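Notes follow the structure.
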Ligand code: SAM
Ligand code: SF4
């Protein structure tokens, strides 16, 4: 049995008999440990592969989950065996209550009494001023996105002139105690594919792990083009001209495959969702900012938690639990990006939560 799979509830137990405290095991034996919580669809940048420049259809403000609602979902998820909450968006640091969200979630413990792990994916803007409060509140790990080190490219790619703010956030994270620190870049042809070595050197200088992401069909403009995407093989080829790359074993459910640089200790990761999908070991679920559970980035089905959270019913915990289980039960063995029948989800990446 692969590491990401465990036995489900007692043999013969019907799905409808499962309740709060049972592990979240799907019909393919994958046990779910990671919940990505999107806190907002708003963002301080407009990355071309994620959001349109203008005319984005924002989620209704009234539908955005409050701090209390997020905590209620997280408590049930932790009781069901979720051990990591990754806060994302949109840009999570735009939430004015971000420090309090981290504090509330970090206080949650699992059935074994151990505290959950709190991670965040951010573009780094405003990180310097917020970091002390986030660390004090219990944040454990950070992933910061940076696709280019060149100001002109950054402006074109993100449609905002904020590279210095991002670099400032990364410098603050490097000076903090949070480790491992990871930097993310989407590799793009004729945009930043001549900067891959520079980005890895930048990460190493900040005691961080660089991770390159294959571009996925999740942009709001639906402009993704398979023929133009930079593949894992190409990324490794470019890096191999500079370093000897040795695969790191024991990936488990992690999205990034890793290689040591010249024998280590530094490593580089590649998230090859398109050319080397890792769905067989996926242990992730997603909660959108407007209370929709999703079992895959690419799913077109959502499980609505708002009625349970806002219905004024005493049985909220069991309703949330039931919805988590329905979502897990509906999970397909893998995404279908490589299938001719693939349909891009209606939401852009900023509204799903990366
Ligand atoms: N705003 C934060 C950030 O940029 O890190 C968090 C949200 S963002 C949606 C999370 C991650 O998704 C980022 O690393 C971003 O580069 C990645 N991402 C967004 N759209 C993508 C796409 N179409 N393909 C691959 N990665 C994408
Ligand atoms: Fe914002 Fe992150 Fe999307 Fe860029 S990738 S537009 S920073 S949510």
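Note that Cβ sites are derived from N, Cα and C of the backbone, with glycine treated the same way.
Heads up, TrEMBL stuff is auto-annotated, nobody curated it.
Same-chain residues at least 6 positions away in sequence with a Cβ under 8 Å from that of residue 121 (GTP binding site) are, in sequence order, 86, 87, 88, 92, 142, 143, 144, 145, 184, 354. Summarising the annotation, TrEMBL assigns GTP binding site to 36, 86, 121, 182, 284, 285, 286.
In the three-state DSSP classification, residue 43 ([4Fe-4S] cluster 1 binding site) falls within coil. Taking the Cβ of residue 43 ([4Fe-4S] cluster 1 binding site) as centre and 10 Å as the limit, one finds 21 other Cβ atoms among all the protein chains shown. For 43, 47, 50, the entry in TrEMBL reads [4Fe-4S] cluster 1 binding site.
Around the Cβ of residue 216 (S-adenosyl-L-methionine binding site), the same chain contributes 224, 273, 274, 297, 298, 337, 349, each under 8 angstroms and 6 or more positions distant in sequence. In the three-state DSSP classification, residue 216 (S-adenosyl-L-methionine binding site) falls within coil. Per TrEMBL, S-adenosyl-L-methionine binding site is recorded for 49, 90, 145, 216.
Residues or ranges marked as [4Fe-4S] cluster 2 binding site by TrEMBL: 279, 282, 296. Within the same chain, the residues at least 6 positions away from residue 296 ([4Fe-4S] cluster 2 binding site) whose Cβ sits under 8 Å from its Cβ are 279, 282, 286, 331, 332, 335, listed in sequence order.
Feature annotation from TrEMBL assigns compositional bias 'Basic and acidic residues' to 13-25.
The domain 'Radical SAM core' annotation in TrEMBL covers 27-256.
The feature region 'Disordered' is assigned by TrEMBL to 1-25.
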Where does residue 286 (GTP binding site) sit in DSSP terms: helix, strand, or coil?
strand
Could you check the binding-site residues 47, 50, 279, 282, 285 and say which one's CB has the fewest neighbouring CB atoms inside 10 Å?
279
If the criterion is a C-beta within less than 6 angstroms of any ligand 2 atom, which of the binding-site residues 43, 47, 50, 90, 282 pass it? List them in sequence order.
43, 47, 50, 90
Neighbours of the [4Fe-4S] cluster 1 site 43, 47, 50: Cβ within 8 Å of the Cβ centroid, same chain, sequence order.
45, 46, 49, 51, 123, 158, 349, 350
